Ligand SMILES: Nc1ncnc2c1ncn2[C@@H]1O[C@H](COP(=O)(O)OP(=O)(O)OP(=O)(O)O)[C@@H](O)[C@H]1O
Ligand SMILES: [Zn+2]
Ligand SMILES: [Zn+2]
């Protein structure tokens, strides 16, 4: 009998190897709400634990043997047909579960979390005296609470590492268990700590760590918990303990004030240059055609690509379709948002991770309800919930930040392509240094190409000087700053012009070694050396977050002959201020911008001329537009020239070209100084000339000869385990399964396999990592093959301690 409504449901927390849509009966009372795209609670697995899931489809069918949906969580679907298809696309292309994809598409604040709770039953239901002392303790604790308690809280309270003792008590009928659903708390809220007013700590016993934390908070007045941890090296648990003692309290900082999104009607209309106009026209014609293709807007730095976007958007906005403008870094959003807000007022919404939970949810809803029509944001903006998308613009399309490095390992450009082809919308990729793949497609006709070959207006490309640091050393200059750079900084300070200095390493010293035993001080959890930070006087690991107070003792041989090496941004900032005490210097890196909205304040302060010099990591290198900057210095270009994978040159060329391009964007001619020990390096000379064409024609030949993208796809399969041996053996086993299957069922598939080899950093957070590299053609056959082996491997008992994942065209291979 086919008389029931059956929902096909993808559930949360499924292992990839078992992930599929499960059938559930929809009870009559829920028929009108349980539609595709809504989230539900269902009983799952043998224990019928409650799990969250999403309905992917509904059909008429036989209910026999099926479980029923417990409840519907959403009043309206959170995903429409397009987004459900996007999730399916992500599952098949990125080897993730359906629900992982769903979670990625929704703002964190909208996510629910199912949590197990335990509570005490009535004493009449079991015999209290038969319990062990420990069991009595658990029972009494829960009884005193008078309600069910979250399992995490209980685990903490009793110091257990598993819930087994509670499960036993449930079996004995002492405790009851229930699953409750909570709105997920969002980690992006900046949690602040402050000292409780009029608190008296004289009688309170505090550990050394707690004392340090308390003093810091007291001194700071109010400070983010993240910063407390940074400066004192404690975990958040230590801060929590102070709160439990009542000495401090927490509050969420409301920082990211929504910018004034008022249209500025006094603003003059943008008049495009001839070149800009013709690019804009041809983009519009493409947009207006029945099946727009992908279009590359290739324009040198400072050519006014942003003006072209704005004009294009002005032309298409009345069509009522959604428009997405993506930027690669949060630090670029303020300049974009303020420019766009002046033109489009409250029609814009902003999507990025530095917004608070509530703000993100609000912006999401404004888009969903059709109140906002333009979304500006970082990677996740590609999921903006428009009914119908008309135009997606990806600025600096070559940037790595568009690719997610954790599952689902998606690339925003691929999602954008998928959405645009679903909606017959136009995708505009924009850059001064397009990725090799993109430019190749534009050259070979797969994408259309529009070029802006000159800077806008009177601005010209900066003059570039390559400073030979070897020569400088020979002449006795050990300062790390070439004479030509110092002279020009001095000139700029005197003439009220601004300078940007790039050093792509944060911290003070990038390594510490022992002169007695010759060892570098490394992280105990990772195979990487620790970085010295002067701001907190600690050694820190940039991979796992480990940190220790700095002492001058070698952890290996305990001698006191440690020496520092490698300059980071903190050190560069100090050195520059020693040389130019009168200069106002701003440092921008992820340490300086850890508190929310600080990057925004920094950028506007620098734009307002409050600083002479901006020292920073790649964060300052691209996209920003400061007309008063006439000098850019690259302190150590050699760091960028390491070739650890096939994209290294592309990355270094792009970074150098982009940072040089920050100079001389206004009326005054700019200059850039690139400091290097290898002045004859080809990448440096091409970047100095901003010569993308030569770079491209060299690079594409190499790609072709070596069979790298766009001539093949590179799939990395990673193996992670606490046990080094197991990770390696897992990789060997996987390779065996894979080649066997390929031989058997896909004998003609072009494949080249390398490895297994240790990953670039073999140990991170005490987990060992190995990899296999597969050069392949990323088509449905290949994905079916890979997916099959990933599932098989995932189910194997022997390798249950090894996680395998696939990363298509991974950032670093
Ligand atoms: N048509 C125009 N009218 C007035 N000003 C313009 C016009 N086009 C560009 N500009 C100005 O030129 C400068 C550079 O423009 P923009 O920042 O858009 O360059 P870009 O192409 O995005 O460069 P990059 O790739 O280096 O980020 C800006 O100050 C911008 O206001
Ligand atoms: Zn030593
Ligand atoms: Zn580490």
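The backbone N, Cα and C atoms fix where each Cβ goes, and this holds for glycine too.
Under the heading Zn(2+) 1 binding site, TrEMBL lists 514, 517, 554, 557. According to TrEMBL, the Zn(2+) 2 binding site annotation covers 523, 526, 541, 544. Residues or ranges marked as domain 'Helicase ATP-binding' by TrEMBL: 286-452. As annotated by TrEMBL, domain 'Helicase C-terminal' applies to 549-708.
Mean pLDDT across the domain 'Helicase ATP-binding' (286-452) comes to 92 in this model. Looking at 517, 554, the binding-site residues in this record, the fewest other C-beta atoms within 10 angstroms of the C-beta turn up around 517. Remark: residue 523 (Zn(2+) 2 binding site) has 529, 530, 541, 543, 544, 546 as non-local neighbours, by Cβ distance under 8 Å and separation of at least 6 in sequence. Here the Cα atom of residue 517 (Zn(2+) 1 binding site) is found 20 Å from that of residue 526 (Zn(2+) 2 binding site).
Residue density at residue 557 (Zn(2+) 1 binding site): 13 other Cβ atoms are found within 10 A of its Cβ, drawing on all protein chains shown.
Distance between Cα atoms for residue 557 (Zn(2+) 1 binding site) and residue 526 (Zn(2+) 2 binding site): 19 Å, as a whole number. Using a 10 Å Cβ-Cβ cutoff, residue 544 (Zn(2+) 2 binding site) registers 17 neighbours. Taking 517, 523, 544, 557 as the candidate binding-site residues, the subset whose CB lies under 6 angstroms from any atom of ligand 3 consists of 523, 544. Those residues of the chain, other than 523, 526, 541, 544, with a C-beta within 8 angstroms of the mean position of the Zn(2+) 2 site C-beta atoms are 522, 524, 525, 528, 530, 542, 543, 545, 546, 764, 765. Using the Cβ center of 514, 517, 554, 557 for Zn(2+) 1, the list of other same-chain residues with Cβ within 8 Å runs, in sequence order, 515, 516, 518, 519, 555, 556, 558, 559, 561, 562. Calculated from their C-alpha atoms, the gap between residue 514 (Zn(2+) 1 binding site) and residue 526 (Zn(2+) 2 binding site) amounts to 18 Å.
In the three-state DSSP reading, residue 514 (Zn(2+) 1 binding site) counts as strand. Taken residue by residue with DSSP, residue 541 (Zn(2+) 2 binding site) is part of neither helix nor strand, so it is coil. Geometry remark: residue 526 (Zn(2+) 2 binding site) versus residue 554 (Zn(2+) 1 binding site), CA distance 18 Å. Closeness to ligand 2 is met by none of the binding-site residues 523, 526, 541, no Cβ falling under 6 Å from the molecule.
All protein chains considered, the CB of residue 541 (Zn(2+) 2 binding site) has 20 other CB atoms within 10 Å.
Annotation note: residue 526 (Zn(2+) 2 binding site) sits in a coil segment as assigned by DSSP.
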